[in-house]
Every structure is written in structure tokens, then in C-alpha cells.
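The structure appears below as C-alpha cells.
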Amino acid sequence: MSGGETEGETLEYTPTWIVAAVCTVIVAISLAVERLLHYGGKYLKKKNQKPLFEALQKIKEELMLLGFISLLLTVFQNVISKICVAHQVMEHLLPCKLPSEEEAAKPTSHFGRRKLFAEESFEMQIGYCAKKHKVPLLSVEALHHLHIFIFVLAIVHVTFCVLTVVFGGIKIRQWKSWEDSIAKENYDPEQVLKKKKKVTHVNQHAFIKAHFLGMGKNSAFLGWVDSFVKQFYASVTKSDYVTLRLGFITTHCRGNPKFDFHKYMIRALEDDFKKVVGISWYLWVFVVIFLLMNINGWHTYFWIAFAPFVLLLAVGTKLEHIITQLAHEVAEKHIAIEGDLVVRPSDDHFWFGKPKIVLFLIHFILFQNAFEIAFFFWIWLQYGFDSCIMGQVRYIVPRLIIGVFIQVLCSYSTLPLYAIVAQMGTNFKAAIFNEHVQVGLVGWAQKVKKKKALEAANDASGSGSGSGSGQGQASSHGGGLASNMGIQLGKFIKPTKQEETKQDEETK
């Protein structure tokens, strides 16, 4: 003990066997967790569970980030605790109301325990802030609690994302039977010929009946209401899947009618899942803003629970309405249809013409819901259910009900709906190729870009600006192909008419 500033002895006067034993236990636990994650990843790769494997990789990244945060908190905790401020500064913007003198005198109450702890902290830091008649800006214990909250938040977010994708994947895999039935029909020549020659009234198609002849035919408002209701009981039907699948293949894979749309959709969802499961910088900004606004009497933790709830309903309604818009486009332009009904995918149906906004909102919804649940359990375990930060029961129960509702609806309705409607954009995604083809095409595009750049440089140095300008245009064109793989790589596979004309002229 030195001057009452610390409790217990330093390492200088601690038995070596205690230091060695504690280090052994900590290192053993750390190695066990690391090996568990390693072998878990190998098992998931062996079983071709790519979404879960990607989630595991994200967990490793989050743990690395948390380790760095832990290091910073440990290194700077004494520095922060020695930042002294006046007593008046600590009396404003508090999560809990300051106890009165009578409440503080009761050692059995929550405020009494807080008062006793404050006195202990005051005694431990008497050698610095107390001598200045001030208090520390943030105590060591408060830093420790904040550290635990950040760790719990990261783990709960990743866990909720995994559960959402796993349960959503179960729902999406039920559509595999629809894909198989379509494949069988495409293999039957007689069925294909009958479909091509058959002329039907547009209103006889099941897709049109479900989305155009209903309550929203003549009213835009009722159309939105119908889309809002459908997300709860019939987010994606077989007629929706068949029609959207055919619209995608007709637009992007016209030469391959037997394209496995279901497999492509799963791969695209897996790629999006890599982005959703992480905690981006703007989500950490949201955490800081919430911690700032968590003031006594505001019930911020209650009102903020409605943000993901409202956003989830808005996203589900919008995705359903996109399907309705596709049906209206066909029904308003055609009276009868020869063959199958074909819709036209377009980015214009999405908010601001950007399908990525939907993915961003789903990311925020999952994080916000995880934040609510993590905050609840952290307060419960750290301070107790009767803590003033926890709030009253009438505010706690609705929060938990909303959290469970969001998790279930997002898993079984919104995520599967997003998986198929997200493919109704103008461009297809890189997931249309398997991983080996993606790597090969990107490598090929980069080689073409370098080759054309070298040719342009050689021509410019050898023959002046005449031919160099033409090669420079080719080089810039190749660079654009390499930077936008999603749709532009199709030009490598099938040359444009201008390229074909140029090749014919060179041949002649």
C-alpha cells in the first residue's frame, strides 16, 4: 500500500506463483478460444457453410477490434481517471437522478450502494483529485463497465446477424423446390413449345391477379396498404418467384434459360451478409449519440426502440411494393401475352434508384435491435433489474417484445424478400459467376488493362499523338471494365456491335 492510492500490493510484492498461475489461466483460456474458432472455421468450410464461416471471420475481426479497444482503455485508464473536474460538472446530464441525503444514507438501496462505492473511489483517489477539491472525470470502475458494454454489444450484434441469416436461409431454401420444378419443365420440349405458342389474357396470370387486380389497382394508397399487409403472411409466393426469376433471366441471361437463379440468389445474399455482419463506423457514431442522450427522464432507450421497428416495416413494405410495381407495368401495357409473363428489372423502383440503400437500412435495423438487447442485458447483469438506468417495467416489456418481433420478422419475411427483390435492379451482381470464375475474370480484366496501357504508351512514344489517342481510349475503356465487374464483364464475353464492325474492317 502506498499513500492509500491503491488497494492491495503491486507486482513488486506479489508472490511469483500467483503471477504465474494467473498468467497460465489467462493464456490457456485465450488459446482455447483461438483454437475453437480455428477448428470451427475448418468445420464450416468442410460443410460448405459459407455464411456461417463468413460470420466467424467477422467475429474474429470484432474480437481484434475489441482487443485494441481494451488495450487503449487499459493503457489510458489512469490518465483518464486523473482528469479532475468540479463537482458541478458531474451533476448534469445524468442517466440516474442524484439521490437525496436520506436515500444516500440507506446502505441497502441502490443509491446507497452507489454512494458507498463513490466514497471508496474517493478514498482511493484522495492523493490526486480530492486534494484539489474536485472529482475524477471518469472513474476506473466506470471505464471497466463501458469496456464490458462495448464487448457485449459487438458479440450480440454478430450473433443476431448469424441467427437472422440462418433462419432466413432456411426460408429461402424452401424455394429450391420451385427452382427444381421450373428446371423440369424447361427440360420438356413439349411443355416449352406449348408455353411459347400459348396466348393468355394478362389478367389470367396468377402474378397479375395477386398484385394488380387486388385492392390497390385503382388507388396508390391502397396499393401501399396491400404491400404493407402482405409482408406478414405471404411475402413471396410461387408465382412471384417464377415471374421474378424469368424477368431476371430474360434481362441478364437470355442465352441461358436453364440458369440456376436460386443458387445465384443464395451466393448474392452471402456476399451481402459479409457487409451486414460487421459494425461500421457510422454505427459506432450512433452508439455515442445514444450514450449522450440517455438522460434521466427522457426514456431514450424506450423511444429509440421504435426506430428499427418502423424502418423494418418500411423496408418490407417497399420491397413488396416493388413487386406490385413490376406487375402494374406489365398489366398496364399489355392486354394479352404470348408465352410467359416477363417483367423488366430496373433500379428506378428502388429508393433514389439505388438498391444498396435497402441493404444499408437492414444493416442499421439489425445493429439497432442488437444494441437494444445488449443494453438491456448489460444493465441487468451489471447493475441489477431494479437499477434506475433499467427504468420501469412498463418501458422494459415493450422494448423486449419489439426486439423479438423485429428478429422474427426480419428472419422469416424481410430478409428472404430482400434476397429476391434485390435482384430486380438494372445490373446483376458479381455473384452470377462462381468464385473461381470471378477471380479469373478480374485477373483477366487487369491483364487486359495493363496490356492496353503498355501498347498505348509504346504507340505514343513511337508514332506521336495520332494512334496514341485511340489506344488511350481503349485503355480507359478497359479500366472501366476492371472497376465495375458486375455488369461490364459481360462485354468481355460478348463483344459489342462496334467492336465486331472494327474487327471485320481489320480482317478485310
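Positions of Cβ are set from backbone N, Cα and C atoms, glycine also.
Here is what TrEMBL says about this protein:
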type	residues	note
TRANSMEM	17-37	transmembrane segment
TRANSMEM	63-80	transmembrane segment
TRANSMEM	146-170	transmembrane segment
TRANSMEM	276-295	transmembrane segment
TRANSMEM	301-319	transmembrane segment
TRANSMEM	357-380	transmembrane segment
TRANSMEM	400-421	transmembrane segment
REGION	459-484	region 'Disordered'
COMPBIAS	463-481	compositional bias 'Gly residues'
Sequence-remote partners of the transmembrane segment (17-37) [C-beta within less than 8 Å, at least six residues beyond its ends]: 11, 56, 59-60
With a cut-off of 8 Å between Cβ atoms, can you find at least three pairs linking the transmembrane segment (400-421) to the transmembrane segment (276-295)? Only pairs 6 or more residues apart in sequence count. no
State the residues, same chain only, that lie 6 or more residues beyond the ends of the transmembrane segment (357-380) and have a CB under 8 A from a CB inside it; answer 'none' if no residue qualifies. 148-149, 152-153, 155-157, 159-161, 164, 272, 275-276, 279-280, 283, 286-287, 290, 301, 304-305, 307-308, 311-312, 314-315, 318-319, 350-351, 387, 389-390, 396, 399-400, 402-403, 406-407, 410, 414-415, 418, 422
Grab the same-chain neighbours of the transmembrane segment (63-80) for me: Cβ-Cβ under 8 Å, and only residues 6 or more beyond its ends, written as numbers and ranges. 136-138, 140, 143-144, 146-147, 150-151, 154, 279
Beyond a gap of at least 6 residues from its ends, the CB atoms lying under 8 Å from the transmembrane segment (301-319) belong to 224, 227-228, 231, 235, 290, 294, 350-351, 358, 361-362, 364-366, 368-369, 372, 375, 391, 395, 398-399, 402-403, 405-406, 409-410, 413-414, 417-418, 421
